[in-house]
Amino acid sequence: MHLPADLLALLALGEDAGSSDDLRHLSECPECRSELSELRRVVAVGRSLDPDGELVPPAPEVWDRVLAVTVGGASGAGTTAESAAGEEGEPAEPPADETPRRYADYLRPAPEQQGPGSTRPGTPGGATPLRPDRAPVRRRPVLALLAAAVALVVGIGLGLGWDRITAPAVREVARTELSPVGPLPAQGVARLVEGEDGQRELRVDLDEPADVDGELQVWLIAPDLSEMTKLGTLVGAEGRWLVPPDVDVTRWPLVDVSIEPRSDGDAAHSGNSLVRGELPA
């Protein structure tokens, strides 16, 4: 079993989501880590969009190809946009036992069924199912990417608005190199960025995922190590977290990535740091 697409989407957004078992699976599963990396690129692109720019809807044939991949049938039917379309670009009539697979067929009644009180053919009561009953289809990375990308845009199941996705452009406020604290040869970089709305975000990038027995937690710590605040969990080699408005980074300039025992129930710092760096004032 792999992690569900909605959990990967939350992690890509920088949310502190997932159980200890989920994070352990992610640290051990190359496929899930690869999908998370792809989703983070989707988020980066979405946040780089101009809120005042015009969004151009994709052509119908793009959705046809998406449907061909996602619900195209595991039995080898392999319907494509071209084979499903008639000469004039209208949906071709499917066989009696076949559900229409063009995008348009999922959105509007067939031409002969249009009119007041009309319903779509294909199932009892006339409703065409969004996902027809089929043999199980092998999980593909593109499915997780598609599901999460759609969720990011429309907020399905995530409760996110468009303003969250299209975050304003950011500027780098401070940067520090992350150097190893213990015997493990980990290193990376931490960047504090700020949006046009004043919202701050800490971004941590390790050179490569750390092979540790436990979870990685990201902290901001005072120079004398007397005070600290936890920002979230680092999964893989990169992550980003919103810095609360009441957190004074000049008071807690140390960026620390700690190794925490899994599910020990202790929210305090373990005292076992992987890397650390100090953000300049």
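Counting starts with 1 at the first residue shown.
The backbone N, Cα and C atoms fix where each Cβ goes, and this holds for glycine too.
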Region 'Disordered' per TrEMBL - which of 22-41, 262-281: 262-281
Model confidence over the domain 'Anti-sigma K factor RskA C-terminal' (146-266) (mean pLDDT, whole number): 82
DSSP residue counts for the region 'Disordered' (262-281), split into helix, strand and coil: 0 helix, 6 strand, 14 coil
